[in-house]
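Summarising the annotation, Swiss-Prot assigns GTP 1 binding site to 9-16, 56-60, 119-122. The feature GTP 2 binding site is assigned by Swiss-Prot to 187-194, 234-238, 299-302, with sequence analysis given as support. The domain 'EngA-type G 1' annotation in Swiss-Prot covers 3-167. Marked as domain 'EngA-type G 2' by Swiss-Prot: 181-354. Annotated domain 'KH-like' per Swiss-Prot: 355-439, in sequence order, evidence recorded as sequence analysis.
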Amino acid sequence: MKPVIALVGRPNVGKSTLFNRMTRSRDALVADLPGLTRDRHYGEGRIGDRPFIAIDTGGFEPVVKEGIVAEMAKQTRQAVVEADVVIFIVDGRLGLAPQDRAIADYLRKTGRRVMLAVNKAEGMKYTSVAADFYELGMGDPYAISAAHGDGVRELVDEALELAVQERPELAEEDADSGKGVKIAIVGRPNVGKSTLVNTLIGEERVIAFDMPGTTRDAIYVEFERGGKPYTLIDTAGLRRRGKVFEAIEKFSVVKTLQSIADANVVILLLDAQQDISDQDAHIAGFIVESGRALVVGVNKWDGLDGHTRDRIKHDLERKLQFLSFANFHFVSARERTGIGALMRSVDDAYAAAMVKLPTPQLTRVLQEAVEFQQPKRAGVSRPKLRYAHQGGSNPPIIVIHGNALSSVSETYRRYLENRYRAAFKLKGTPLRIEFRTNKNPYADSKD
């Protein structure tokens, strides 16, 4: 599980700047969901080998009772509930403001671990920066500059330590949570996730457990299908009632991110009776960004006429082009149709994500691809692609060595990706291609 850090403060104290600084390794913004654009943004970051989730909130004015500011305050309160640690940001240049006192009063009542960060402190002495803010009763302030990065790593390091103190299970490895292929079923509310869970587990013996803590902790459901062990990771807020799991359908970005990170394969479930939404596309973006193997299930397919089915397939091709590496299955979780093929694709996607690719074959495919179509020249030189080897798995990473590779176009990179996918039958997994330019040993020599 990844620690969750919420950034809270009044307007214009630098929360978004700090958010972007913290999440730079993952291109900052991971989620910007409809209805949340003025309040909560979610991103993934990493300090060394420790990943975390950051939540950027809108300007917080807890005493306002109506209007858009009140709605922003509501969303900020939700971020605090989701967080393991709250970083309360104030403005060192402007000093202590009445809104800061109101926010501090609110945060004290929540019982959350809170760190006080005095932003915009570059060029200022710590004693003068911190003096105003001790009266908030939030402990020793951390002087930082989100814009320049000063003090940010130390701040996040301490936040992660506090998170582990709050929830010791955060320090544990996720690898032991569940047997077999770990599957996360994700999607917006009411697409049929709980029905699919019940269909998959059938009458098999189920071991379900709640990890200690709050609603943002996961449920793992172990089951067998065709003699193979699997573990389902809940993202829908499933709770067991008798032998049936029912969904408390409230979409949680944090739970979705956590479950995707913990999974081997993700099933993205869509509703055939509703148009593809921005939220569907955002969830798909989470999965691609994470590098997880993917199978797409289009649920509630039963009862649709041929014209409607053709229209839906056209919309899927148009709106989810970036998921072309995945298998799409048209299923009915309620009627239990198409589930066998869906699970076969889960197995295939897992195998593709974990595949071992020998260097000689990788290099041969590269040479054949270049022979068929060379990369375009960039100025006076043409990129020279020499050899390839595997740089990692889950997702597979292919590292290509050569000269002048910085000028290889995105179009040519996609061409190579397609050649490798076809050669090794890599269906269902993202594929990363990295270019490494060899140093020219004669670059510094003179004629």
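Using the three backbone atoms N, Cα and C, a Cβ is placed for every residue, glycine included.
The binding-site residues shown are G187, N190, K193, W301; of these, the one with its CA atom nearest the CA of T57 (GTP 1 binding site) is G187. On the backbone, the CA of N12 (GTP 1 binding site) and the CA of G187 (GTP 2 binding site) stand 34 Å apart. Among the binding-site residues listed (G187, N190, K193, W301), G187 has its Cα nearest to the Cα of K15 (GTP 1 binding site). For W301 (GTP 2 binding site), applying a Cβ distance below 8 Å and a minimum sequence separation of six or more within one chain yields A272, R309, F330, V331, S332, T337, G338.
For the pair A121 (GTP 1 binding site) and G187 (GTP 2 binding site), the C-alpha distance works out to 42 angstrom. DSSP assigns T57 (GTP 1 binding site) to a strand in the three-state reduction. Secondary structure of the domain 'KH-like' (355-439), assigned with DSSP and counted as helix (H, G, I), strand (E, B) and coil, comes to 32 helix, 24 strand, 29 coil. Per-residue pLDDT, averaged over the domain 'EngA-type G 1' (3-167), rounds to 82. Taking G187, N190, K193 as the binding-site residues under consideration, the smallest Cα distance to G9 (GTP 1 binding site) is found for G187. Rounded to a whole value, the Cα-Cα separation of F60 (GTP 1 binding site) and G187 (GTP 2 binding site) is 29 Å.
According to DSSP, K15 (GTP 1 binding site) sits within a helical segment. Reduced to three states, the DSSP call for K193 (GTP 2 binding site) is helix. When the neighbouring Cβ atoms lying within 10 Å are counted for each of the binding-site residues (N12, T57, N190), the highest count belongs to T57. DSSP assigns A121 (GTP 1 binding site) to coil in the three-state reduction, placing it in neither a helix nor a strand.
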